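As structure tokens, the structure follows; a few thoughts come after it.
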Amino acid sequence: MSKSTDSVIGNITLSLLLQLRAAPAKNIVIYGLEATGKSAIAKAVLEGLSSNTTSNDEPNGELRYVIVRSAECIGVRHLLEQIVGAVAKALDWKGSVGRCENISQLVVELERLLGQRTSDTEGQGRRLVLVFDGIDHQRDAPPTLLPGLARLSEVIPNITSLFIVTAPRPNFLHSPGAPQIQFQAYNKDELLKILALLEPQPQLPGGAKETKDMWNRFCSAVWDSLSKHSGRDLVSFRTLCLRLWPKFVAPILDGSLAATPFGRVMNANRPLFQNDETLVPGISYGAPKIAASSAQTQSTNKHHGIGTQLPYYSRLLLVAAYLASFNPPRTDQLFFMKSAAAKRRKKGGGTALTKGRPGVTKHRKISRKLLGPQAFILERMLAIFHAIKEDADDRGRRGTGREVTAGSADIQMAIATLASLRLLVRMGAANAADALDGGSKYRVAVGWDVVRGIARSVGVEAEDYLAE
């Protein structure tokens, strides 16, 4: 079934459900992907029905509608007040409109606005349609919002609620018998026909005709490689094509490739269609380099995760906190004092073991990495921090020179930031003492894999300082 046929069927179905002479529908659900014409068709049908009811054919019938868009409401209270204000405007209400903070107050205000219309005998043929556009994307919506709005017609019989959603959950209104109208997604031919109306930028040197031919074949390639399996709606497909187009035509604009044949341009831009990073939205986007070697890619992705988001000293403090949690205090002199640097134990060293008695199992020590983190005092963590800071390099630092870090406010602020991020957990009572006091106890809340990556991002090998 084509998209045009599906729209006609949805138009007729919605018109029949909203007819004044037919049995009134309490709730109607229209669902489908974004940009499939749900809101536009619903508005057109309601405009046509409201204009027909004012003719002489139905003197006692009157249909009015109100459209409330959840994208324009910053909260549930704002949504409810928008409903009351829109209804008052649609009914030409001359009085004042009260505040509305919950569903109960909404029912009271709607009954007050619709009191004159429903009290008389002629009001039985009048109907008000409340259209909630995008109600499933309402910010900070409680779980009782949709069921409460669906029950408005039970209290006020002359109201019909029309919900326009993207992907409704089963029985999300908690009200059985609500008719649902589905708007099918566009297929490939329809999407390409819509995108052919766009004029992409930048244009090719050959003119508008060459740009249009290249754009149509490029959109088809993007659909087959990326959008077909990740996003089938018009909005995501259009955004992806406009995002990749400048990188796709860059070799043509700099003169390294010709616009024809298209297969040669596709082979040159093949990594552009094989990388799924373009499907992830972000604040900044940088398309992958086409001629990047495997060594450059490995060095670029070597350090990732939280290590790239924390400042230099915060990473060192987190490594010091891990060492303070997993190293016994008696080993600090062995690992962190300069005078004992030459006496550190070598990997695989030790003295010969005496032969044990037969039948007696040797004592096996559990690795410190497998044990849970222990509490440590803040002074000990700062001492370890200054010890490993001498061995760390300046990789990832911003600024030049060696700053004085002893008692610096930046270090104290970094500790407070790590505690607020729950990377460091304070032990004991919350109001026992100052959080930055030297005797305060903390415990690290990250694992070995994270700490090892963070330590290597600042040039520290955590294995050299960790007790076995």
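Keep in mind that glycine also has a Cβ here, set from the backbone N, Cα and C atoms.
Curation does not apply to TrEMBL; its annotations are automatic.
What TrEMBL annotates here:
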| type | residues | note |
| --- | --- | --- |
| DOMAIN | 21-158 | domain 'Orc1-like AAA ATPase' |
| DOMAIN | 215-274 | domain 'ORC5 lid' |
| DOMAIN | 310-466 | domain 'Origin recognition complex subunit 5 C-terminal' |
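Applying DSSP to the domain 'ORC5 lid' (215-274) sorts its residues as follows: 47 helix, 0 strand, 13 coil. Over the domain 'Orc1-like AAA ATPase' (21-158) the predicted model carries a mean pLDDT of 84. Residues of the domain 'Orc1-like AAA ATPase' (21-158) grouped by DSSP class, helix first, strand second and coil last, total 67 helix, 22 strand, 49 coil.
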